[in-house]
Every structure is written in structure tokens, then in C-alpha cells.
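Per TrEMBL, active site, proton acceptor is recorded for 185. Per TrEMBL, Zn(2+) binding site is recorded for 193, 196, 217, 220. The annotation compositional bias 'Low complexity' is assigned in TrEMBL to 363-376. Annotation comment: TrEMBL describes 382-413, 497-507 as compositional bias 'Polar residues'. If you look up TrEMBL, you'll see 421-430, 473-490 marked as compositional bias 'Acidic residues'. What TrEMBL records for 58-318 is domain 'Deacetylase sirtuin-type'. Under the heading region 'Disordered', TrEMBL lists 363-444, 471-512.
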């Protein structure tokens with residue numbers, strides 16, 4: 001995929017070509033390069049521009065879950081791109097989260113500036129201890145493959161898997177028995193001396209890692225600089241394996257379906273794969289959240305294990321190793337979910353109104369735990385005279401119930417203004433008023449998946465499905481633009497998909513270029529972008 005541009009750049013470097021002259025031709029007229037950028041930074045910018053493919057357009061005829069099932073049944077050369085999301089359920093520690101490995105390492109190693117520094121080759125050369133302490137926690141042999149790994153193995157068993165390109169370093173693909181796999185960011189499978197390049201299997205250095213001893217090269221003389229057996233993981237500042245580029249150059253023209261599972265696709269060059277495939281190749285996303293900078297044909301959002309399990313149910317015989325003959329999930333339309341939400345809100349308001357009146361009112365929705373809890377203590381008063389429940393008619397609207405509630409609130413205000421010497425009554429009234437006020441406070445953000453029952457999934461036309469575990473939010477209930485706005489802060493938050501994929505690339509963090517800016521598609525980058533890339 002990238003062999004052509006990279007070979008051309010290598011030739012230009014060997015010929016002594018001035019990168020400024022190349023960039024002058026590539027950039028729009030009038031755009032000046034900062035004078036303080038060195039040649040290394042300028043060449044990296046050239047590579048970024050050359051390797052940035054145009055953004056793909058969604059296929060109009062691929063939209064539904066049924067389309068995905070049909071593609072899985074008919075396609076023979078499926079490319080699967082996986083990130084850390086496929087290993088989350090395996091129990092592999094998250095080192096980027098607030099309570100993750102980094103939070104503990106930062107106490108022991110105050111010189112560790114951020115989580116990514118553990119995978120920075122320059123930091124590693126100065127201090128190997130943080131990395132090897134982290135390596136002990138994620139070292140192969142401690143975890144079992146997830147359902148996602150087993151699903152990919154089933155693709156392999158059915159002779160449908162062209163290649164599994166994984167950004168993970170946990171080697172769980174090999175544990176699952178997947179044969180056609182490319183470790184884009186290397187793995188713990190082997191280790192190599194940083195000085196003499198002597199290579200060994202992972203088992204050779206395993207004891208040192210678990211004993212928390214920096215593994216030394218058995219070949220280099222003692223005292224040799226950088227004679228350290230470093231696992232063959234791609235650190236920032238290192239190049240991806242040549243095998244990745246070579247294999248992708250062949251596979252991109254053979255692939256007839258791309259499935260991205262559990263990856264944020266924020267780190268290059270792996271993030272460039274979807275936009276580098278032929279335009280006619282369908283692309284499916286299986287992930288906890290949307291990827292706004294990509295245009296997938298169908299988005300299956302939620303717990304990745306749950307989603308592949310559901311796919312296996314529909315694929316039928318030969319795929320039932322994962323589904324265990326469980327019933328298929330019920331498809332719910334967003335209009336149904338909206339109505340359920342309104343009914344729930346109406347019942348809660350009605351129950352609250354009854355409580356304030358002192359009535360023994362039962363909610364019209366017997367399944368609402370919130371409504372029941374609001375009136376339970378009124379039903380067990382112990383009065384000798386039976387009371388008749390004041391059941392609110394089902395034809396009442398939410399507005400009527402809100403009006404009733406406001407009337408009760410007004411009565412509370414009048415009660416508060418009356419003169420009394422009973423401090424207990426005053427405190428009780430104040431508490432009730434506070435409860436009333438808190439009831440009308442804005443609700444905390446809640447994923448749409450939280451509104452689903454265990455046997456349901458939500459369809460958001462034209463091509464999006466929400467399963468349990470999805471991180472898809474809506475501030476305005478069911479506005480179609482909700483996910484667009486809600487995911488706007490995607491780049492500033494940490495997700496499970498970033499555990500491994502954002503830390504094991506050949507480009508440093510400052511190599512990232514936002515691919516969905518149209519100017520970038522025409523190689524028109526701003527001065528600020530250039531500085532961010534090259535500094």
C-alpha cells in the first residue's frame with residue numbers, strides 16, 4: 001500500500017533532494033514553510049502528504065444488519081482490522097485510564113511524563129524500567145482469547161479470512177489459532193538486542209521480565225551500550241515491520257470486504273487502510289462508538305463480543321460455536337424507544353405527584369421500579385380504613401401531569417410562607433422542595449444502549465445499530481445529529497480502543513493528521529498543521 005511513496009522518498013533522500021523544494025510544489029501558492037524546520041521534519045511532512053488517501057464514500061446499497069450477514073456468507077477474501085477493543089474482555093490492563101497501569105507507574109517513576117512515554121524509543125533508551133514493569137502485567141500466557149478472536153478464527157476456518165491486521169501486541173491471535181495474521185505493531189513473541197540485533201523467542205526473556213530484571217543481551221560484552229533485549233514491539237520513533245507494507249500492497253487489491261473491530265483508527269499508517277482500499281469494497285465497523293472521521297457502510301456499535309455473537313446466530317450452521325443457540329435479539333426502532341422513554345417519564349412524574357398529595361396512587365406502568373419506589377411507603381400506612389387508589393387515567397398527557405406537579409409545588413411554596421414554630425415541619429417542607437427541584441434538573445448523559453433491554457438492539461436508519469455496551473449518546477433524545485455532536489470530543493477522551501492502538505505506531509503522536517478535513521484531501525495544509533506535524 002505504501003511501498004510506492006516510501007520508495008520514492010527514499011530515492012529522493014539518497015539523491016540529496018531538498019525537501020523544501022518538494023513541499024513548495026505540493027503546497028498551495030502563498031503558503032510558506034517555517035524556517036526553523038529541519039530536513040528530518042520536512043521529509044516526515046512529505047511522507048504524510050503523499051500517504052494521505054482521499055476519504056472513501058459510503059456505498060449506498062449496503063446499509064443493514066442483513067446486508068452484513070449476506071456479505072459474511074458470500075465474501076471469500078475478508079480483511080479484518082482489529083484494535084484493543086477485541087481484547088478488552090480478556091482482562092488485559094488499561095494503562096491509559098485514570099486508574100490504569102500508568103497511574104501506578106507514575107508514582108514509582110516520577111520522570112514518566114505520560115502513558116505514551118512507555119512506548120517512546122527515546123525514553124526507553126534512558127530508562128527501561130517503566131516499560132518492563134508494564135510488560136509483566138500484559139505478558140503473553142496470562143490471558144485467553146475473546147469471542148472476537150474466536151469469530152476471526154471461524155472466518156479463517158471457513159476459508160474466508162484474507163488477513164487479520166492487528167494493532168495489538170498481546171499475541172492472542174496466535175493463541176486463538178488464527179493463521180493469516182499481521183502484527184502491525186509487533187508483539188511480545190520475540191525480542192531483539194538493541195545493539196547487535198541478536199534475536200530470541202519470548203520465553204528466553206520471560207523469567208527476567210517476571211523477576212523485574214532488565215534482560216541483557218547474552219551475546220554482547222558486558223557494558224555494551226544498549227545491549228538490552230527489547231521485545232519486538234514497535235515504539236514511537238521506530239518503523240513498522242516491512243512485512244506490513246509488503247503484505248498490504250498485495251492484499252488491498254484482493255480484499256472483497258473490510259471489517260474493523262475495536263479500533264479507533266486514529267494512528268497512522270494503519271488508520272489509512274480503509275481509505276486506501278478500492279472504492280467498491282464494502283466496509284463494516286464493529287466498535288463501542290462511532291468513528292466520525294470514517295465513512296463505513298454499516299456501523300454495529302456496542303460490546304464487540306456481543307455483536308459478533310449476534311452475527312453468528314444469523315450465520316447459522318457452522319457458526320454456532322459462539323452463539324450457543326441463543327435467541328436472536330429483537331430489533332427496536334428509535335420511535336419505539338422514544339415512546340418508551342416518554343412513558344417512563346410520565347409514570348415517574350405521576351407517582352411523584354401522588355406522593356406530594358399524599359394519595360395512594362399506583363403508576364400505570366407496573367414495571368417501572370422508579371414509580372413503585374416513589375409510592376411504596378404510602379401503601380403500608382397501617383390505616384384501618386381501606387383507601388381507594390387514585391389511579392391517573394392513561395389518557396393523561398405528560399403536560400397535564402407536569403401541570404399537576406407544578407400545582408403541588410405552588411402549594412408547597414404557600415406552605416413554606418405560612419408562619420409556624422414547628423421546625424420539624426419546616427425542615428420537612430424544605431427537603432421536599434429540594435427533592436422537587438432536583439427532579440427537574442437536567443438528566444446526566446446516558447448512552448442509548450442503557451435504554452435497551454437485554455434482548456434488544458436499536459436500529460438508527462439508515463445504517464447504524466446500537467447494541468448493549470455502545471457509547472452512543474443523545475442530548476435531544478432522538479435527533480439524528482446527536483452522535484455527530486456527542487462524539488465531537490472523541491479525540492480528547494480515552495477509550496478502551498486506545499489502550500494499544502494509539503501507542504504502537506511508527507509515527508510519533510505529532511504525526512497525526514485529521515483525515516476528514518477537505519483541505520487535506522487536496523494536500524492543502526495550514527501552517528499550524530505543518531508545525532504540529534513537524535515539531
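In case you wondered, yes, glycine gets a Cβ from its N, Cα and C as well.
Unlike curated records, TrEMBL annotations are generated automatically.
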Neighbour tally for residue 185 (active site, proton acceptor), based on other Cβ positions within 10 Å of its Cβ:
25
Using the recorded Zn(2+) site (193, 196, 217, 220) as reference, state which further residues of the same chain have their Cβ within 8 Å of the centre of those residues' Cβ atoms, listed in sequence order.
194, 195, 197, 198, 218, 219, 224, 227, 229
If you draw a 10 Å sphere on the Cβ of residue 217 (Zn(2+) binding site), how many other Cβ atoms land inside?
22
If you average the pLDDT over the domain 'Deacetylase sirtuin-type' (58-318), what number do you get?
89
Around residue 220 (Zn(2+) binding site), how many other C-beta atoms are within 10 angstroms of its C-beta?
18
